[in-house]
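Student: Copied straight from TrEMBL:
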type: COMPBIAS; residues: A:15-35; note: compositional bias 'Low complexity'
type: COMPBIAS; residues: A:46-56; note: compositional bias 'Low complexity'
type: COMPBIAS; residues: A:95-106; note: compositional bias 'Gly residues'
type: BINDING; residues: A:GLY168, A:GLU191, A:LEU192, A:ASN224, A:SER225, A:LEU244, A:THR322, A:GLU323, A:GLU324; note: S-adenosyl-L-methionine binding site
type: ACT_SITE; residues: A:ASP247; note: active site
Amino acid sequence: MAQTTGLPSRVAAQPSSLASSPKRAARLARAARAAFRPRHRRRLVSSSGTRAAAASRSRETPPLSRLAEACLSPSLSPDEAVLIAGGDGPAMTRGGDGANGGGQKQGAGKLPRKRFYRARAHSNPLSDSHFPIPISPDEVDLSQHYPRYFPAGEGDAAAPRIRFADVGCGFGGLLVGLSTLFPDTLMIGMELRDKVTEYVKERILALRASNPGKYDNISVVRTNSMKYIPNYFRKAQLSKMFFLFPDPHFKEKNHRRRVISMQLLDEYAYVMEVGGIIYTITDVEELGEWMRSCLEKHPLFEAIPEEEIKADPVVKLLSTATEEGQKVARNGGQTFQAIFRRISLQEE
Amino acid sequence: MEDAGIEEAEVSGGAEFAPALVAAHPLGSSVAVAVGPELRVFDLKAGSAVSLSDDSGGSSHSDAIRAISFSANGVLFASAGDDKLVKVWKTDSWCCIRTITSEKRASAVAISNDGTHLTFADKFGVVWLVTMEESVGGQKPTDNKPVSILGHYCSIITSMKFSPDGRYIATADRDFKIRITLFPERPLRGVHEIQSFCLGHTDFVSCIAFTCLSEGPSFLLSGGGDSTVRLWDYINGCLLDTCQVRDKVEELIETSETGDNNLAVTDICPTNDGSLVAVAIQSLNGVMLLACDLVTKKLSFLKVMTMEKSYIPTSLSSSFSADLLWTVMGASNMPNQATSQLFTRLKIIPNFKKDPLASSDHVPTVLEDSEVPHGEKLLLALQGSLDIGKQEEVLASVLAALKVSMHKMLVKKHYSEERREQRKRGRNDKKIKKRNICSSCDHRFVACT
Ligand SMILES: C[S@@+](CC[C@H](N)C(=O)[O-])C[C@H]1O[C@@H](n2cnc3c(N)ncnc32)[C@H](O)[C@@H]1O
């Protein structure tokens with residue numbers, strides 16, 4: 001097992017019961033993270049102060065909900081620390097797409113390893129696609145994505161709908177973080193790179209396998225969000241949309257590739273309910289200004305007051321939950337966020 | 001085989017096949033045909049060809065015209081095309097009053113119902129707005145340059161129409177989508193509120209048209225590469241009915257002639273009263289008629305009006321007043337085509353309303369050339385020639401071009417597996433050279449792995 005996952009054997013040999021101690025879980029998470037990181041960067045991180053800080057924080061034996069925060073890498077959730085430690089989950093059945101199927105690289109309940117899923121750093125959102133696209137939201141098969149919510153053969157008119165979308169979800173850290181924060185809300189990540197999407201699928205499957213009853217509300221699709229958002233969501237369906245650390249596309253001629261623009265905001269406004277919230281964050285100042293100014297100019301969005309933002313438990317995750325966020329934090333980078341509410345058009 | 005040809009043409013930067021277009025004045029006073037850069041207009045009242053004049057100070061069309069449209073009241077006419085020009089004409093004098101330069105090639109054009117605004121779509125899927133009148137509520141921008149108002153992200157917009165009540169603008173694209181957007185009274189302040197998406201086509205959408213019972217609610221019709229005509233409740237984005245034209249056509253023409261992709265719907269045109277829809281289909285020599293019941297909200301096959309063997313219409317139009325369906329066949333930008341050869345063929349179906357067409361087979365279905373209003377004069381003006389022999393030659397090549405046309409303009413590029421690999425390899429090579437700069441977005445790799 002240790003061989004196939006390539007994890008340091010000391011870590012992989014730990015019995016899963018160890019994870020019952022939060023302290024240990026945190027330690028395991030760190031070890032697992034180290035295993036995740038490309039070799040050349042490992043040293044760099046361990047010599048930085050952040051790791052020590054995280055360790056000292058974790059000594060306070062935080063409650064499980066705080067554990068994520070305590071970990072340097074909350075995207076590697078406490079549940080995943082267990083996974084890395086070798087907690088064998090029940091065997092999964094596979095098939096179809098969505099988080100219910102996908103690659104076969106790992107044994108059941110094993111966390112997928114990122115290096116199998118490396119891809120080009122960015123995909124070109126302009127190039128033509130070769131992945132399946134649902135003709136309309138009616139054709140999105142939610143039972144593939146959320147089998148526990150859609151038991152086979154039960155057509156339910158009052159079936160839940162996807163409410164959150166993480167656009168350009170990358171390795172899926174935000175979904176994992178949100179899943180337990182909103183255990184009854186269906187959410188989906190949208191990602192253009194197929195290897196990355198496969199990774200997220202495997203990650204979710206592994207989490208489900210080793211944490212029965214949890215992580216059933218998150219899934220991922222490979223798609224070009226700039227083209228196919230209306231194929232996935234109906235009018236006013238979403239209550240939250242996330243755009244965390246999107247590709248910056250610095251050159252002026254490439255600004256039209258940016259995932260936030262006046263024109264794309266029209267589509268986001270369409271799929272969002274009035275009162276819904278759009279979260280954006282970036283470490284690129286220029287892009288941060290761009291996203292904010294688009295949102296400010298757009299008549300269907302309004303800025304959310306600072307106090308309200310502070311009280312929103314989701315906001316904390318923006319800079320801590322995803323792989324990009326952590327990288328920026330590790331490097332001590334600044335972040336720029338813009339959080340706006342979907343409003344109805346003001347009549348004059 | 002076909003694919004190879006298409007890719008070669010792309011590589012060599014060959015221009016894309018451009019079908020001939022026809023538009024009838026809503027009140028029946030004139031009819032316009034566009035082929036290549038040529039705009040031909042015939043004045044049906046005076047019975048003579050119109051010579052166009054230009055007061056706009058802009059240049060004239062120099063490349064294929066891709067879209068033409070009358071305003072709802074017929075006062076204005078717009079033409080737009082590959083030369084990145086959008087020209088606005090006054091139809092009383094047929095004088096061009098405005099030439100707008102687009103940054104990109106234009107693929108669709110429409111004039112708002114009150115005639116105050118013009119919209120055009122460029123090949124990146126962006127719709128631009130221009131104010132037509134000098135002062136509309138004093139909101140005329142100082143330079144009156146086109147303002148982008150909405151976009152279909154990097155998709156070609158194939159058709160754009162205003163709803164009969166003028167409240168909505170509908171745009172269709174090659175990514176199977178039809179978008180309905182609220183068109184506010186002051187659109188320069190932004191056109192941001194999407195009313196609905198009409199999703200159901202399983203291939204590109206080639207044409208859309210609004211239809212309604214007199215004074216009743218209006219509906220949207222659409223046709224596309226999936227060989228269907230669809231009827232929509234566009235306010236709610238609900239598909240009401242779908243009519244498969246493939247089966248009917250396959251019954252009529254030998255299957256050997258119908259390759260997989262050759263039965264795309266190329267144009268649709270409803271009758272005035274909303275009871276019928278004429279459908280032009282690739283490979284069908286003639287026009288298919290569908291009965292359209294807007295009460296029960298059903299589309300059903302009525303009949304095919306067959307025309308001579310090589311006549312496959314590329315465009316359809318009818319006016320509100322006369323019950324004539326105008327059809328035209330022709331193309332430009334074809335290999336080895338001289339501009340002097342921009343012939344089109346024109347045919348007219350009379351009695352374009354439900355009762356005579358549905359009930360009797362005795363009514364003439366297609367006018368003979370001698371029966372066409374204003375006869376040879378009109379044909380000479382709009383077709384460019386009366387020489388049937390030459391015409392046939394041209395039609396044969398148009399026919400051949402039609403077979404690949406939709407591929408070129410609309411169908412997604414399906415690279416062969418091998419070519420895709422090659423492309424990928426090419427990209428990776430580049431990546432190795434410039435290690436830490438992303439080839440697609442110039443972002444440093446370190447920041448995003
Ligand atoms: C810099 S990464 C950030 C990932 C993640 N949100 C995070 O914070 O770690 C941006 C991601 O967006 C994805 N992406 C870019 N354009 C996209 C598009 N049009 N549709 C879906 N995903 C896209 C990229 O593949 C990449 O994984």
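A Cβ is built for glycine as well, from the same backbone N, Cα and C atoms used for every other residue.
Please treat TrEMBL annotations as automatic predictions, because they have not gone through curation.
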Student: Greatest CA-CA distance (Å) over the residues A:GLY168, A:GLU191, A:LEU192, A:ASN224, A:SER225, A:LEU244, A:THR322, A:GLU323, A:GLU324 that the record ties to S-adenosyl-L-methionine?
Tutor: 20
Student: Among the binding-site residues listed here (A:SER225, A:THR322), identify the one with the smallest other-Cβ count within 10 Å.
Tutor: A:SER225
Student: Quick one: of A:GLY168, A:SER225, A:ASP247, which recorded positions have a CB closer than 8 A to some CB in chain B?
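Tutor: Out of A:GLY168, A:SER225, A:ASP247, A:ASP247 lie under 8 Å of chain B.
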Student: Work out how many Å separate A:LEU192 (S-adenosyl-L-methionine binding site) and the residue listed as 'active site' at their Cα atoms, rounded off.
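Tutor: Cα-Cα, rounded: 12 Å.
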Student: Between A:GLU324 (S-adenosyl-L-methionine binding site) and A:ASP247 (active site), what C-alpha distance do you get in Å?
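Tutor: A:GLU324 (S-adenosyl-L-methionine binding site) and A:ASP247 (active site) have their Cα atoms 11 Å apart.
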Student: Could you round the CA separation between the residue listed as 'active site' and A:GLY168 (S-adenosyl-L-methionine binding site) to a whole angstrom and send it over?
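Tutor: One finds 9 Å between the Cα atoms of these residues.
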Student: Give me the count of other Cβ atoms within 10 A of the Cβ belonging to A:GLU324 (S-adenosyl-L-methionine binding site).
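Tutor: Excluding its own Cβ, the number within 10 Å is 25.
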Student: Under DSSP, is A:LEU192 (S-adenosyl-L-methionine binding site) part of a helix or a strand, or is it coil?
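Tutor: The three-state answer is coil.
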